[in-house]
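Reviewing the structure listed below.
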Amino acid sequence: MKAVYFLVAILALTSSIASAYDPSPLQDFCVALNDTKNAVFVNGKFCKDPKVVKAEDFFKHVEPAKTENPLGSQVTQVFVDQLPGLNTLGISLARIDFAPKGLNPPHTHPRGTEILIVVEGTLYVGFVTSNQDGNRLFTKVLNKGDVFVFPIGLIHFQLNVGYGNAVAIAGLSSQNPGTITIANALFKSDPPISPEVLTKAFQVDKSTIDYLQKQSWYDNN
């Protein structure tokens, strides 16, 4: 009998642990508010009445994007903001178009793992592991039909190393994975990060930081 009671206690503890967790965030932050009359957002999106849902809520056509920009690449997002039917489903995708030598610059997705397949062209891709893992760089040259995974939150990039245009499709494990482009975040923040912080972080003089902060950092998302 004691064994039965012990087993029941373990099951109850396991159940409470399994149900007592915080949901993954679906945006950068969600500030708690006691006055619900002034609440304007939830973790994710409000749900449409199922009775008025239409097929169009689950459909979107994606055209090839123009790549005439400083990076030579353009990302077309299909996240929940572009396709409402993705809400609560935990997935999204993006189409990435590259001109010859085009770059999708180092960036992270704070809320999603990315799996990418090359549809056309040849890409040099890679990601860098965390400080605890020694910031190891994993790279691969991908051709048409090749697939590569970028783990959640890690800095990664894609460079077109072929002679023609390239196209890739990326699947992501969140309806709103977010994107942080490293150069833009550091040198184009609003308001700007103090040069004192950046000069010490990069071990360069202030004139270098001033130069970088004056650049027009293009956002290809």
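Glycine residues also receive a Cβ, built from the backbone N, Cα and C atoms like all the rest.
Going by TrEMBL, these are the annotated features:
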- Asn104, His109, Glu114: oxalate binding site (BINDING)
- His107, His109, Glu114, His156: Mn(2+) binding site (BINDING)
- Cys30-Cys47: disulfide bond (DISULFID)
- 58-210: domain 'Cupin type-1' (DOMAIN)
- 1-20: signal peptide (SIGNAL)
> What's the CA-CA gap between Asn104 (oxalate binding site) and His156 (Mn(2+) binding site) in angstrom, rounded?
Replying inline: 9
>> Please give me the CB contact count at 10 A for Glu114 (oxalate binding site), counting all chains in the structure.
In response: 24
>> Return only the integer: C-alpha distance in Å from His107 (Mn(2+) binding site) to Glu114 (oxalate binding site).
In response: 12
> Does anything in the same chain, at least 6 positions from His156 (Mn(2+) binding site), have a Cβ under 8 Å from its Cβ, and if so what?
Replying inline: Pro106, His107, Thr108, Glu114, Val125, Gly126, Phe127, Val128, Phe150
> Quick one: Cα separation, His109 (oxalate binding site) versus Cys47 (disulfide bond), in Å?
Replying inline: 24
> Around the oxalate site (Asn104, His109, Glu114), what further same-chain residues have their C-beta within 8 angstroms of the site's C-beta centre?
Replying inline: Ala94, His107, Thr108, Leu116, Phe150, His156, Gln158, Ala170, Leu172, Pro177, Thr179
>> Centre the Cβ atoms of His107, His109, Glu114, His156, go out 8 Å, and tell me which other residues of that chain have a Cβ in range of the Mn(2+) site.
In response: Thr108, Gly112, Phe127, Phe150, Leu154, Ile155, Pro177, Thr179
> For Cys47 (disulfide bond), which residues of its chain lie six or more apart in sequence with Cβ-Cβ distance below 8 Å?
Replying inline: Asn87, Thr88
> Of Asn104, His107, His109, which of the binding-site residues has the most Cβ neighbours inside 10 Å?
Replying inline: Asn104
> Which value does the mean pLDDT take for the domain 'Cupin type-1' (58-210) in this predicted structure?
Replying inline: 97
